[in-house]
Each structure stands twice: as structure tokens, then as C-alpha cells.
Amino acid sequence: MRAWIFFLLCLAGRALAAPQQTEVAEEIVEEETVVEETGVPVGANPVQVEMGEFEDGAEETVEEVVADNPCQNHHCKHGKVCELDESNTPMCVCQDPTSCPAPIGEFEKVCSNDNKTFDSSCHFFATKCTLEGTKKGHKLHLDYIGPCKYIAPCLDSELTEFPLRMRDWLKNVLVTLYERDEGNNLLTEKQKLRVKKIHENEKRLEAGDHPVELLARDFEKNYNMYIFPVHWQFGQLDQHPIDGYLSHTELAPLRAPLIPMEHCTTRFFETCDLDNDKYIALEEWAGCFGIKEQDINKDLVI
């Protein structure tokens, strides 16, 4: 499913087709404690762009491996790998960048916020790990997916167009997930009920490369169709922790793939943070997309 979501993000290049330039932003990747995969439906997060790991084999085999290798279920953050100390206790250590798999194409490259291209995200995070505890390491973040390129400034006129395309894209992603959901658990039952109303509405603007004037008119005419998609995306991003606020880290999975296609991405999210506290609350997020204050409802974040 995560591969399917990556495909949707690629399609966003057309739906969100503005000049292919962007500004520098930040991403901080937190180390995750060892946690096994929970029962969250695969694909519940529409902005995860990494491929999941697939384990084949019977339970007995897995149990034997775990017993022989304590690192089996010890998860480390990006840039680190598990090794055993003298007492056979698993620990996370920085990965040697040279041990990263060789890239197979340009699409694997990433750009850091100091405008340096890395062969892959593995190479970037392994390098960042070696700089832990230094000023340079603290400031170094993954900016966007793809090799570094010239990023033009986002003009005020362009900034006003960004939420028009983004709103339409969010709605279309939800509708697509709904159409592909049969037997795939892409959406929860509550989400399906909400999206069903959008899907069956004959007034819904079909996905396509529409002029911003049409997108603006559609938002005005069919405003109610956009309320849930905006809330839904906030809920997909607000994961670590689930606290009603989006950090730079939580925004990164959405931001990084969009920046090469939408050069106003960084500035848009910066303007959403009205109180400049480095976090975007639900009220700020919804307001950025034109949702009226009386229609902002935490119960819609499902």
C-alpha cells in the first residue's frame, strides 16, 4: 500500500503542478523506540512514502531468529543499525554510509538543507548520524526528495494558489483511496462514510489539471466537500505524538516529496504557523486551507 501512496504522490506532480522550484525547509527524524508493527490498517497514513518490509516464513522460524538474534525486533532510527554489545544486548550505532545499498536511479537521491545531494536517504541519514552532537549535525536536515536544484522564491501571487491545488489534491486522494478500498483496508469505516458522500456527489469536480480560477469557484460552490479531507490529512500527519499539533518532523513525509514539484510548499507551511511556535495546530492548519472557524472540528480528525 505504501508503494501505492508513493504513486499518488507522484501523480501530485500534475495535480499540484506549479513551477518546479522550492525553498529550504527542515526535517528532524526522531529515534523510535523498539515497537512492533501495530494493527493499524496498512496505508492508513497517506503520506508514508517508504516501502514497508515484508516478512515471509512461518511463526516458528521468526521466533527462532528472534531468539538467536536480539536485533531482530530492535528498531533503530534512520542512519543507525543494530549491533550486539559484549553482553549480547542490542544497541543502535551509526551506519557506515559505504554500507548503504548502491542507488539504482536518480529518483533515490535526496537534497539536504545545505544544498548537497546524497545518493539516497540511507547515505544522508548515515552521514547525519556521524555528526551527532555537533553544531553541523544539529543543523543538517533532509530538505526534499530528488537531487538538489535551483529553487526560486515563492511569490505572493503563487502562494495564494497553493492551497487551491492542495485542497483539490487531498479530496482526490481520499476519493481514490475510497475507490480502491475494497478488501484493502485503506480507510476506516468512519472515514469511508465521510468519503462516500463526497464520492457520490454529482457536483464533485473530477480530478484533472484545472485552472486555479475553476478550483476557487469549486471551493466556493462545494465548500462542504473540502472540510473532511483537510481534517483527515491533519490526522494522518499528527502521529508522533498524537497531540493536535504538527511538528517539522510530522510535516516532513508530506513536504519532502512535494517540494520538487511545488516551490511554495515551505513558505505555505511557514505561513500556517501563525504564532511562530514551530508547531501547526489544527485551527492553524484548517485556516490555511480556507476552512471556516465554525467548521473546524477535532472529531473530524479520524
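Cβ atoms are placed via backbone N, Cα and C, with glycine included.
These numbers come from a predicted model, not from an experiment.
Between CYS92 and the candidates CYS71, CYS76, CYS111, Swiss-Prot records the disulphide pairing with CYS76. Between CYS148 and the candidates CYS94, CYS100, CYS111, Swiss-Prot annotates a single disulfide bond, the one to CYS111. Close to GLU284 (Ca(2+) binding site), meaning Cα to Cα within 10 A, are the following disulfide-bonded residues out of CYS100, CYS111, CYS154, CYS272: CYS272. Cβ contacts within 10 Å of CYS71 (disulfide bond), excluding its own Cβ and spanning all protein chains shown: 20. Note on proximity: of the binding-site residues ASP273, ASP275, ASP277, the one nearest CYS82 (disulfide bond) is ASP277, by Cα distance. Taking each of the disulfide-bonded residues CYS82, CYS100, CYS111, CYS264 in turn and counting other Cβ atoms within 10 Å of its Cβ gives the largest count for CYS264. Taken residue by residue, the domain 'Follistatin-like' (70-92) breaks down under DSSP into 4 helix, 8 strand, 11 coil. Counted over every protein chain shown, other Cβ atoms within 10 Å are most numerous around CYS154 among the disulfide-bonded residues CYS122, CYS154, CYS288. Listed in chain order, the extra residues whose Cβ falls within 8 Å of the Cβ center of the Ca(2+) site residues ASP273, ASP275, ASP277, TYR279, GLU284 are TYR245, CYS272, LEU274, ASN276, LYS278, ILE280, ALA281.
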